[in-house]
Amino acid sequence: MSANMLDGRALAQELRREATAAIAALTVQLSRAPGLAVVQVGDDPASTRYVRTLGKLCASVGVTFQPELLSATTTQSDLVAAITKLNRQPNIDGVLIQMPLPDHLDATGAILALDHRKDVDGVHPINAGLLAQGQSCMIPNTPAGGMELLRRHKITLRGQRAAVVGRSAIVGRPMAQLLVQADATVTICHSRTSDLAGVLRECDIVCVAAGRPGLITAAMIKPGATVIDFGTNVSADGSLVGDVAFAAVVEVAGAITPVPGGTGPVTNMMLLRNLIAAATAA
């Protein structure tokens, strides 16, 4: 029997409607629209496409969008100065630093220059620390989207065994912390985990953010388990695939996110949620 599809596209539309209503109310309250600035250094085509997509999203929900386009030869001090200026700009509630930065720039230094209260990507170390302590903070958008899919589909987390495959600072680790806060019992797996299949077969929830297409096979999944696939890999034929061998796993799992159309569409909606929170607190 095929698994229940956790449809990220449908959820994203619902979240967009909710965000639009919240932004309209905030615009009245603040006497201005919430503002998002995106700092882009250079003209990387993928970054340019993403920034353009964000601009269209902001326009569609009533957010003021301010792109800060800097030359590829921008110095670290000039980048920090641009970020600092946005920190102080009262009509800008959120600031996103578009990655990757050119090789000569220090991404960590740029993130540290950002006011963590405007960090709508949830990547500042202060937000990471607050999340680890279970306090209110800006949560990284991708794991926040995964949790939203679980919540909206009423997947039981309390008391369940969960595994997160991948330990990155922006997906794996925060996802594990969010699951712990939801009272799941969590194991973090990674490239040095022995008997990955044995660990996963004991789990009711499996979240995968390893960056390896087809890593998770049907033999690794407990029948009826929920599988959240954060993977975004381009296959040889140019199609987008996840870290889960979807065609086989869908026949074993109880619920699963497809790729594309699973966690991806929800991610930018979580960015809007962080922006709304930042504007509300301003």
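Placement of Cβ uses the backbone N, Cα and C atoms for every residue, glycine included.
The secondary structure of SER168 (NADP(+) binding site), as reduced to three states from DSSP, is coil rather than helix or strand. Per TrEMBL, NADP(+) binding site is recorded for GLY166, ARG167, SER168, THR232.
According to TrEMBL, the domain 'Tetrahydrofolate dehydrogenase/cyclohydrolase catalytic' annotation covers 6-121.
Annotation comment: TrEMBL describes 140-280 as domain 'Tetrahydrofolate dehydrogenase/cyclohydrolase NAD(P)-binding'.
Cβ neighbours within 10 Å of ARG167 (NADP(+) binding site), excluding its own Cβ and spanning all shown chains: 18. Residues GLY166, ARG167, SER168, THR232 are the ones the record ties to NADP(+), and the longest Cα gap between any two of them is 16 Å. Per-residue confidence over the domain 'Tetrahydrofolate dehydrogenase/cyclohydrolase NAD(P)-binding' (140-280) averages 98 (mean pLDDT, predicted model).
The DSSP breakdown of the domain 'Tetrahydrofolate dehydrogenase/cyclohydrolase catalytic' (6-121) into helical (H, G, I), extended (E, B) and coil residues amounts to 63 helix, 19 strand, 34 coil.
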